[in-house]
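Annotated in TrEMBL:
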TRANSMEM  15-38  transmembrane segment
TRANSMEM  50-70  transmembrane segment
TRANSMEM  98-116  transmembrane segment
TRANSMEM  137-157  transmembrane segment
TRANSMEM  185-207  transmembrane segment
TRANSMEM  219-244  transmembrane segment
TRANSMEM  264-282  transmembrane segment
Amino acid sequence: MSKCPHDDAVWPKYIYLLETILGLVSLPLYILVLCLITRSKTKQKYSTPFYRIFTWHACFNILSFIHHHIFLEFPTLNIFCAQLLSRFHSFSYRLTPIYFLAYFLQHSQICLSTLVSVNRMSVITLGAKYQQFWAKALPYSLVMCFLVPLLLTWPLLVSEVALLPTNSGLGMAYNKWITWPSNSLSSAALSLLCAILNGVSTGVLVLRIRSNRGCAQANLLGVGIALGTISILFSIDQVMIYYHLHIARNLSHAAFGRFHDARFLVNTLATLAPIWALLILSSEMRADIVKMVSRTSEPLIE
């Protein structure tokens, strides 16, 4: 059995603590927004295509953050390394669901984030045909956001997975039984495609807001810009991981390590920032949440 790595850097633990604090603050906000969107009194108000997409996006962001934070990032901290390594050092199917969900949630998350940006761009490009278009396109778009990730990651469901020592803590590795594009290749390809779509959408939204600052949709267009920018950063990190892993093999491991270690912080930003962008830019939603919370906290008068 391999031994635990000797590198026990402190800064990853501080970053993990910071991400934990951000999660503890952000996840309740996600739940409040989801309650507001699905609440009977405000359900009709928030039944637009944007909020229907954001509902799915929020659910996958919550699942993705919890899953990555606990099952993927924590083992890299070199905490309980000996105990984890003694139980999961050999390849088996015990960790297969965790490994599959890691990539499936990640791919679905970036697809949904891109769909939000495209939806915001369509407000401008489609104009009066916006509602008619999304009434037909939304179901198919959501299916594709789940079907494409499933097509890219399904071989992981039949792959054995183990925890192995890395330069920092433990990381998951899998035995590939089916000839299929690697995880790094599928992540880089999907991320590159989504980065292009997000770049186009973000550019159109920025030009729109600059040309008409007083438009009624300015706040929600700003949400599209924020999500598009975050998705582009996430895509750059995934592409650079693939580049250093498969193309620039003669470069130092330190260069690869920087992008590889940054993926957790970028994932935290990608999963938690959308709720802050929505609440900061949408004064109407902030007001509705305050009303909802204040009414539920009112004492009963007998």
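Note that Cβ sites are derived from N, Cα and C of the backbone, with glycine treated the same way.
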Contact yes or no, the transmembrane segment (15-38) and the transmembrane segment (98-116), 3+ Cβ pairs under 8 Å, gap 6+: no
Seg_contact(the transmembrane segment (50-70), the transmembrane segment (185-207)) with at least 3 CB pairs under 8 angstroms, min sep 6: no
